[in-house]
Amino acid sequence: DLTDNQLVTLPLNGLGGLTHLKLQGNPSLSEPFSKESFPKMRVLEVPYAYQCCAYGSCSSFFKVSNEWEAEDMSPEEEDPHKRTMELFPGHADNHYDLDADDLQLDLEESKLQPTIQCTPSPGPFKPCDHLFESWIIRLGVWVIVVVSVLCNGLVIVAVFASPSYLSPVKFVIGSIAGANMLTGVYCSMLALVDSLTYGQFANYGARWESGVGCRVTGFLSVLASEAAIFLLTLAAVQCSVSVSCVRGYGKLPALGKVKAAALCCLLLSSAAAALPLFSVGEYGASPLCLPYPIPDGKPATLGFTVALVMTNMLCFLAITGTYIRLYCNLLKGEFSAVWDCAMVKHVAWLIFTNCLLYCPVAFLTFSSMLNLFLITPEVIKSILLVVLPLPACLNPLLYLLFNPHFRDDLRLLRHKGQDKGSYTQSCRVDDMDKSSYDSTQALVSFSDIDHIFETPDSLLVHPVLDSYSFPSMTLVPCQQ
């Protein structure tokens, strides 16, 4: 019994005759074992379920599949000796003796290789071969990675690199895209681990769970999800406050205050993501590195998850109440106070999709806490891998496909690139012609400029001002 001894390695010399061995409570002992390590073992208790994969804990699937193949075989394919006996009946006794010898050898071999009782046993959250045991989940995760990284990157470029007016709500939408991109980065790390350990995850699962990579992955996942929810709450509150400010004062709130609020949201989400690093919750409970409930999870992990889900549910309730109040005011005919209906509608779509997709996670958490429904581990794993990061794909797609601001920003960015090229070419021409003019001839007196603007033609746009470009702001009228 070597339980709770803080072992790092286990010398195998002289342990070949052991029949019972207890190694639980040694988290640093992550090396895999083989059948040759303990040839006479009967009962084995190890720190990680992956160490039981070598003792046939995952071989039941292959046995069942072989039985199905045996049932599907035709009688001729099932026993070739029977066909020989039918063709040569005189040799029936010899074949009978051969079958009896083979049967005796099989019985002796089964005695030499007895079954081993190994705990904890592997499962969907402790896989032996693949981190993503289904190709549907594997393809779904890769789609989430590609769409979330590319589309959110496009939203960030369109929002922050465009010369158009950056409203407070538009700034928050760009910040949400940054948080969603972090979700894509988290999913890409899991997909990369699945690819690098394909077919032999049991050899690396224990080191992955207890390593720094899993903690970094879990930190990014919680940081991204919490930042997206907090920023969505800020966007809903900002829409309501902006309507009140436009109606009362005739102007929008200052962008600096919104940036300070977004920074507070980022700090809160960082604090929530850092709690499992200080033993409040756990990232290494499963190879997914998520602090969400798994079968046979620790109470500390479940408590942290419940607190996290309750906080998110309160945020969604605040978002819903704020937007219901905003729409009630709009139904009274206060459309003149809305400066941008496109952003108001976009935030409404974000609220609807994020609330809808977060419901399975909340249901999963409370059902695990109260033991209300029996949910299989495969379903839990699918929800955590596909449904939980799905808003990171839908949020940017809603902006790219349905928001008119993206098309305007894209057009302005294209014109900006063309203007930059034409400006560079004109500068080269000016540098070539500068030497042919005297500097005094290029001076324009203030009286000439006054004369230009005193003429009646100055009411029109003067050609001199055409070379200057000013940022434009798209105004979307609201209709009842």
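In case you wondered, yes, glycine gets a Cβ from its N, Cα and C as well.
TrEMBL lists 151-399 with the feature domain 'G-protein coupled receptors family 1 profile'.
Here TrEMBL flags 135-159 (among others) as transmembrane segment.
The transmembrane segment feature in TrEMBL is assigned to 171-193 (among others). Long-range contacts of the transmembrane segment (171-193) within its own chain (CB-CB distance under 8 A, at least 6 residues past either end) are made by residues 131-132, 138, 141-142, 144-145, 147-149, 152-153, 155-156, 159-160, 208, 213, 216-217, 220-221, 223-225, 227-228, 231-232, 234-235, 238, 255, 258-259, 262, 269, 287-289, 343, 346-347, 350, 385, 389, 391-392, 395-396, 399.
Away from its own ends, the transmembrane segment (227-249) comes close to residues 168-169, 172-173, 175-176, 179-180, 182-183, 258, 261-262, 265-266, 268-269, 312, 315-316, 318-319, 322-323, 325-326, 329, 334, 336-339, 343-344, 347, 350-351, 354, 391-392, 395 of its chain (Cβ-Cβ under 8 Å, at least six residues beyond either end). What TrEMBL lists as transmembrane segment is 227-249 (among others).
Residues annotated as transmembrane segment in TrEMBL: 261-280 (among others).
Residues 222, 226, 229-230, 232-233, 236-237, 239-240, 243, 272, 275-276, 279-282, 285, 291-294, 344, 347-348, 351, 354-355, 358, 361-362, 365-366, 368-369 of the same chain lie 6+ residues outside the transmembrane segment (300-326) yet bring a C-beta within less than 8 angstroms of a C-beta in it. Residues annotated as transmembrane segment in TrEMBL: 300-326 (among others).
Counting only same-chain residues 6+ beyond the ends of the transmembrane segment (347-370), those with a CB under 8 A from a CB of the stretch are 169, 173, 176, 228-229, 232, 235-236, 239, 292-293, 297, 302, 305-306, 309, 312-313, 316, 319-320, 323, 380, 383-384, 387-388, 390-391, 394-395, 398, 402. Sequence annotations record features per position, and here TrEMBL assigns transmembrane segment to 347-370 (among others).
Away from its own ends, the transmembrane segment (382-402) comes close to residues 132, 134, 137, 140-141, 143-144, 147-148, 151-152, 154-155, 173, 176-177, 180-181, 183-184, 186-187, 190, 224-225, 228, 288, 290, 292, 346, 349-350, 353-354, 357-358, 360-361, 364 of its chain (Cβ-Cβ under 8 Å, at least six residues beyond either end). The feature transmembrane segment is assigned by TrEMBL to 382-402 (among others).
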